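Structure, as structure tokens:
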Amino acid sequence: MDARTHRRAAGTPRALAERAGRRCCLGWDFSTQQVKVVAVDAELNVFYEDSVHFDRDLPEFGTQGGVHVHKDRLTVTSPVLMWVQALDLILGKMKSSGFDFSQVLALSGAGQQHGSVYWKTGASLALSSLSPALPLHQQLQSCFSISDCPIWMDSSTTAQCHQLEAAVGGAQALSCLTGSRAYERFTGNQIAKLFQKNPEAYSHSERISLVSSFAASLFLGGYSPIDYSDGSGMNLLQIQEKVWSQACLDVCAPHLEEKLGSPVPSCSVVGTISSYYVQRYGFPPGCKVVAFSGDNPASLAGMRLEEGDIAVSLGTSDTLFLWLQKPMPALEGHIFCNPVDPQHYMALLCFKNGSLMREKIRDESASCSWNKFSKALKSTAMGNNGNLGFYFDVMEITPEIIGRHRFNAENMEVSAFPGDVEIRALIEGQFMAKRIHAEGLGYRVMPKTKILATGGASHNKDILQVLADVFGAPVYVIDTTSSACVGSAYRAFHGLAGGTGVAFSEVVKSAPQPSLAATPNPGASQVYAALLPRYSALEQRILSTAQRPLE
């Protein structure tokens, strides 16, 4: 026990700092619109950040929002060399600003999830023999079998999704196996489409990377493995056993396992930095590269979620990040391997009717005023005297319902509510739906549960009070402007400290704490214990009577 305690202490950022001046870890984020980097010192302070914006800084690639939307409006790609050149640019900016690369102990990063990169046969040789005299993009120009990579916004693979679900026994069976039913943007379906439409490009690909493992490969000067967490967004990885599903691979394309390589735990050190960066920029030769992961898993690390915690991003869409011990895969949401604890899981749930719906009800029922909106929440009772509402002006995805549906305390549908009742019905309904669907994936509120709120509506204390009451847990607010980057730097420290043998929470305990915004009112748990089953039953009633729109 003593030895272990000592080993943990030796690996904490502070102990690392004592051994060497202002050492740091870098966190990278290869997102849809930009490449961003932060440097985090051993006290876990961010002391440097920079970015390259694709549309603005690399206009020659002709992207809008970092992407090309094709004529069919379904196919969406990004040029792989744009990502490579962005890395050249950002490292050049860091060098000219005097950034001291010699102090970098380790780096990790994040990539937009699901996107895929196809390395041409012979590319590994080019990667391993880079000349420090030239930028990357000049040396890697002929290394890719397709120049435009499918990304998460692509929805052109419906046929391949049907094929995959049919082959493994249906959508629920695929979800139990891989954590999600078949989604058009998921990598396995994109690979299947490439194999079917362009078998030559597929056969000329010696390695297929995710955006995350592609970026890590650039730093390694060799192919980086895919990590378990980002690998969970492919419809290919068995999330329980953490191996590729042979059944899924066989449906998608031949020889796929050798093109993907073996997946690794997300906190693995995958190697040391390529000599290219040592000679061109002055990185230390011992600088470690920790497996890159997806942007959502990296954000979970950046928000420092722990077991039982939940993060609620209240934006245009509302997104839930859950930490799960025992996942129950469903037809909705996504379950991934947890990026900071390989024994556990994380889940993502997306709700389309987010801030725009809140703003609409504010305009209709509170004369366009957030103050009046807040006043309505304060002047109405928890539980809204049994009045419940569903507000889906656009087709919701969790669950698939459209329209507004209001019910009184007797479960009778009514056509309208008074303004203040409408406002509380909206906010209570949005948060009850989140709790019900989270619990549907295996989430349970625990005594130590914290809720981390981010996004626009997290600035409204009265909305957060309802969130605390519905979940029966304290709500904290946290700044997440660079959470994927910062989370990647934290993950680099974690990998450096020993990865799986060390608790992530131990490594990041000195990071800035979130601030408490709301605690549940007395009696809240009794009120919502009665309302939640009613809300769930009414949701089922609406679902069963809803006419599915014609597709």
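Quick reminder: no glycine exception, Cβ is built from N, Cα and C everywhere.
Swiss-Prot names ARG185, ASP295, ASN296 as substrate ligands; from the candidate set HIS114, HIS137, HIS344, HIS405, the record adds HIS114 to that same site. Counting other C-beta atoms within 10 Å of each candidate's C-beta, the binding-site residues HIS114, ARG185 are led by HIS114. For the ATP site, the Cβ centre of TRP370, GLY456, ALA457, ASN460 serves as reference, and the other residues of the chain with Cβ at most 8 Å from it are LEU314, SER355, ARG358, SER458, HIS459, ILE463. Sequence-distant neighbours of ASN296 (substrate binding site): residues of the same chain at least 6 apart with a C-beta under 8 Å from its C-beta are GLN113, PHE321, PHE336, MET346, LEU348, ALA484. Rounded to a whole value, the Cα-Cα separation of ALA457 (ATP binding site) and HIS114 (substrate binding site) is 28 Å. Here the Cβ of ASP295 (substrate binding site) has 26 other Cβ atoms within 10 Å, regardless of which shown protein chain they belong to. When every Cα pair among TRP370, GLY456, ALA457, ASN460 is compared, the largest distance found for this ATP site is 12 Å.
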